[in-house]
């Protein structure tokens, strides 16, 4: 009886490991890992898929031990008995099976206003320093953990380039950098045209003719996601929350939530669009000298 129970647990562990590997493999094949992780972590996920698949295979190739015939010292705490009750086994393995099953059953879900309401809205991404926390209270980020961060010199060079342009297009790769520049020096960009894409977000401070054109920024995974965006004025009353829009307008400044003056888009043209294939932006950080 003990040998049967041991074999049951042995193969069940193999099924759990294989299920987790298969779920992660499915996300990787369909390109859905970006819903959960920053691209800089995808390589580690791919490695974990291979390791989990190998461990699962070993459980089915190598038979379970039929006996435990080697000696141990008395009272050395080496005992590791299997659960004797079926209910305990069921509860234990459900802790692993349930997340995997829900991952297969339910579709991927993009973060939206409901999550944003519980996060602090920021006009720009945090500036990360080597060995220091930013003024906004974010944790220190070592330089080695950032994927292709730009230097302060490159940041300043990009700002000079943008200041020479009449129209600034906020693409995904420069999203956090451009919003940082707008937040730091909104007067320098006043009067320029800005084009960006985001979802419709309203907090308790926006007026009836205002929305926040927002995006979620991810540093590592969705657990650390922050919502960033630009205050947008215009004919927005009919726009539903979490719907996606492409906005172009003139940069101005205004007060929001009792804070200092922040960038705001006026004279806007707002076009509803479908949710993009990659709804999140990813913060690579800025290293200060």
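Counting begins at 1 with the first residue displayed.
Cβ coordinates come from backbone N, Cα and C, glycine included.
As recorded in TrEMBL:
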- 124-139: compositional bias 'Polar residues' (COMPBIAS)
- 12-121: domain 'DUF1980' (DOMAIN)
- 151-282: domain 'DUF1980' (DOMAIN)
- 124-149: region 'Disordered' (REGION)
- 12-29: transmembrane segment (TRANSMEM)
- 41-62: transmembrane segment (TRANSMEM)
- 87-106: transmembrane segment (TRANSMEM)
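If you look at the transmembrane segment (12-29), the same-chain residues 6 or more away from its ends with a CB under 8 A from one of its CBs are 35-36, 42, 45-46, 48-49, 52-53, 55-60, 89, 93, 96-97, 100, 103-104.
Mean pLDDT for the domain 'DUF1980' (12-121) in this predicted model: 77. Secondary structure of the domain 'DUF1980' (151-282), assigned with DSSP and counted as helix (H, G, I), strand (E, B) and coil, comes to 32 helix, 58 strand, 42 coil.
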